[in-house]
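Below you'll find the structure, written out as structure tokens, and then a few comments.
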Amino acid sequence: MSLTVEIVATKPYEGQKPGTSGLRKKVKVFTQPNYTENFVQAILEANGAALAGSTLVVGGDGRFYCKEAAELIVRLSAANGVSKLLVGQNGILSTPAVSSLIRHNKALGGIVLTASHNPGGPENDFGIKFNCENGGPAPDAFTNHIYKITTEIKEYKLVRNLQIDISKVGVTSFDIAGKPFTVEVIDSVANYVRHMEEIFDFAKLKDFVSGKATGKPLKMRIDAMNGVTGSYVREIFLNRLGATESSVVHTTPLPDFGGLHPDPNLTYAKDLVDTVAQGDYDIGAAFDGDGDRNMIIGSKAFFVTPSDSLAVIAHYLEAIPYFQKNGVQGFARSMPTASAVDLVGRKLGKEVFEVPTGWKYFGNLMDAGRLCLCGEESFGTGSNHIREKDGIWAVLAWISVMQHTGKGIEDILKQHWSVYGRNYFTRYDYEECASDPCNEMVATMEKTITAPEFVGKSYSSGGKTYKVKEADNFSYTDPVDKSVATKQGLRIVFEDGSRIVVRLSGTGSSGATVRLYIDSYEKENVLGQASVMLKPLIDIALEISQLPKFTGRNAPTVIT
């Protein structure tokens with residue numbers, strides 16, 4: 001029986017402008033009449049003529065409204081000329097798995113249902129983003145096109161009576177107004193696990209994890225935080241690498257993440273940190289809701305900053321078979337990320353790129369063959385195996401480094417610092433501040449730091465003096481396509497390489513989040529306590545930015 005396409009009249013909603021990684025709003029916003037339909041229709045239309053006969057991947061992190069949205073996307077895609085959908089079972093796919101599937105199946109792109117590390121549940125957040133045919137987040141030009149369509153939309157297309165059960169793996173074919181349309185519901189983890197087996201030496205890692213190679217099993221604590229990674233964690237760490245059941249926790253994806261805030265940092269992954277601090281563990285790791293972020297801690301909860309994690313993996317990349325085979329190209333980091341990887345790149349003779357915040361900025365460099373490893377201070381690490389950051393990949397990389405060196409995490413870091421020096425780093429987040437005063441703060445600070453007399457000025461605190469070398473509102477010209485991104489964050493660089501960065505974040509769903517980044521480099525004094533080493537620069541940053549005055553906050557919501 002041929003199913004018919006229905007054209008439904010609609011009106012634009014204000015504010016459907018995708019941020020750094022898609023559109024994130026409260027569930028109550030997405031469930032307004034036609035709200036999700038409008039945005040998905042805009043995504044489909046933005047693909048233009050390429051949409052007809054195409055294959056798309058659909059899946060998300062399992063948060064509240066994920067399954068309903070996935071089923072809605074099936075009905076909209078059928079009506080808009082898509083030929084085939086690959087849908088994760090129950091609508092579940094990690095963001096790295098979507099990227100891998102797009103590339104493996106040469107799909108036109110993927111619609112990812114996630115608000116990443118933001119809380120889930122009926123009162124919390126939902127999100128939709130589009131990944132392009134390279135597997136990476138849509139670039140600015142594409143998301144701007146989506147937004148333009150949302151402001152002008154008058155109708156969307158729907159096959160209302162298309163029935164599909166996405167809880168069962170299998171292929172279902174339909175006739176949509178005389179054209180074939182196929183929905184393949186796939187095992188959420190199979191393709192991704194195969195991909196990891198191609199990158200890492202699972203046999204060697206299994207011998208290391210089980211203790212067969214060393215006589216002592218690797219004691220790990222992997223916390224999926226009730227996000228999408230649960231089933232991936234169980235298949236890889238338990239079934240493939242032979243870890244014990246007690247090595248993994250919170251591995252059932254839940255619509256509200258079991259009340260957890262799936263953001264892998266010292267504040268929200270406190271349960272993991274406390275457990276590893278008090279127990280006998282070699283490595284602890286946590287992931288966010290959609291599986292692209294990771295936090296690594298060593299024995300007794302020794303914290304590895306994301307910038308140090310990136311630098312250490314860069315130093316040991318050739319311990320991973322994928323890089324032995326494909327070679328090591330350049331490295332990159334987001335601008336606010338401490339510059340530890342720059343020092344590794346310099347030593348190894350590799351290009352190092354500094355890009356704006358947002359994983360999409362790494363994609364062009366990867367596609368051009370100039371970049372194979374990159375990371376962000378916001379707990380994102382990844383390589384050119386896909387075009388997204390990848391939490392599980394990062395943990396497998398760390399276990400590979402531990403196996404290769406025969407050392408624990410703290411010793412690996414101390415050896416690294418003895419060679420390269422140490423970037424002490426912290427980030428202060430002031431969440432859900434009033435937007436207008438925050439914008440005024442940034443404007444005032446920009447005026448201060450771009451005044452001609454600011455460069456050369458010295459600031460002193462806690463017995464340390466820092467002299468300003470340069471200061472600006474960071475802008476970036478893509479070396480590949482020459483596109484320009486401006487106003488990416490205020491930064492002050494001092495003569496010793498230390499830095500202060502202030503940004504307003506675009507990933508929250510309400511209010512503004514002010515992020516203050518402090519990066520202090522020490523060549524010799526590498527074993528100090530981070531909070532003590534950073535305090536002078538933090539005090540200077542609060543003085544220059546006048547942050548307490550504008551936000552009304554005397555302390556950050558989160559310290560990382």
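Quick reminder: no glycine exception, Cβ is built from N, Cα and C everywhere.
For the alpha-D-glucose 1,6-bisphosphate site, Swiss-Prot records Arg24, Asp292, Arg293, Thr357, Glu376, Ser378, Lys389, and the single candidate of Ser116, Ser475, Ser483 listed with them is Ser116. Under the DSSP three-state reduction, Arg293 (alpha-D-glucose 1,6-bisphosphate binding site) is assigned to strand. The secondary structure of Glu376 (alpha-D-glucose 1,6-bisphosphate binding site), as reduced to three states from DSSP, is extended strand.
When the CA atoms are compared, the binding-site residues lying within 10 A of Asp288 (Mg(2+) binding site) are Ser116, out of the candidates Arg24, Ser116, Glu376, Lys389. If you measure from the Cα atom of Ser116 (alpha-D-glucose 1,6-bisphosphate binding site) to that of Asp290 (Mg(2+) binding site), you get 5 Å. Working note on the binding-site residues Asp290, Glu376: by count of other C-beta atoms within 10 Å of each C-beta, Asp290 ranks first.
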